[in-house]
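Here's what TrEMBL has on this protein:
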TRANSMEM  18-35  transmembrane segment
TRANSMEM  41-65  transmembrane segment
TRANSMEM  86-107  transmembrane segment
TRANSMEM  113-130  transmembrane segment
TRANSMEM  139-158  transmembrane segment
TRANSMEM  164-187  transmembrane segment
TRANSMEM  208-227  transmembrane segment
TRANSMEM  233-252  transmembrane segment
TRANSMEM  259-283  transmembrane segment
Amino acid sequence: MKPTLTAIIQLMRADRPIGTVLLAMPMLWALWLAADGSPSAFYTVIFLVGAWVMRSAGCVINDFADRKIDGHVQRTQQRPLVQGIISARGALIVFAGLLLIAFFLLLLLPARAMLPAVITVMLVLLYPLTKRFFDCPQLVLGMAFSCAILMVYITILGRLPVSAWLLMLASICWTLIYDTLYALVDAPDDAKIGVKSSARWFGRQTKTILLVLMGVFLGLMAIIGLINQMAGYYYLGLLLAAGCFCYQMQLYQQQTGEAFFAAFLNNQWVGVLIFLGIMLSYLP
């Protein structure tokens, strides 16, 4: 493999699928809920590929925006743009290519899905900049990640029921949870260079706020289950997800970068367990 191709893969985080998993999970929840457990394979593939493309695009534009500060953060010092392996112009070309792929995927969806898609792109572009002036940029990231839920419901049902909005709010809460844990890894370096994050903004109240967000997330998901008359498997999935949150808070208590990152990674199981609960609920 050529070094330039390796660098592009690293720039897109194609070698680290955790971000795609976290983005795709609420989308899959929405697909199964909107389609009553029987989403079309066509739309499922389109949305999954779209999740990978937009996550990759988000990583590229984030690294482009942060290219002058990533060298001051220990975790990001080896990124291709910082090392000069890829130029700023090269990164923009990759970003444009990914957006072009996303546009072609969008053409395969109903025209009514265009508006939330455009909003998603705008939020993806805005997110890296908010780290300079907004105390909680993770909120913007959560909105960017969660707009896909609206796209799913509009595509499948042609409308946005209460469940769609509740699921979007739940997804935003979940994003705030796992990305705050992620931001805690870099919080000391971010404080030195003035980069804002929810981890810095929450400060000494981080534990309390995380617990509240976890409770709100589980509560919203329970309400969604009641609205959609989900079976017991769904609530078992929520119970297991709550167990994951308990484990994450135990890791949080260790107050080390490694523990924060492990807690962040554990969120993939939150998404998977809830998804399994949804799928099993629709079995005859």
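Cβ atoms are placed via backbone N, Cα and C, with glycine included.
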Stretch contact, the transmembrane segment (259-283) with the transmembrane segment (86-107), Cβ-Cβ under 8 Å, 3+ pairs: no
Contacting positions for the transmembrane segment (233-252) when only residues 6+ beyond its ends and CB under 8 Å are counted: 177, 181, 184, 206-207, 210-211, 214, 218, 221-222, 225, 259-260, 262-263, 266-267, 269-270, 273-278, 280-281, 283
Contact ranking winner - 18-35, 41-65, 139-158, 164-187 against the transmembrane segment (208-227), Cβ under 8 Å: 164-187
Intrachain neighbours beyond the transmembrane segment (164-187), with Cβ under 8 angstroms and 6 or more residues off its ends: 22, 26, 29-30, 33-34, 73, 75-76, 136, 138-139, 141-143, 145-147, 149-150, 153, 195, 197-200, 202, 206, 209-210, 213-214, 216-217, 220-221, 223-224, 227, 245, 248, 252, 257, 260-261, 263-264, 267, 270-271
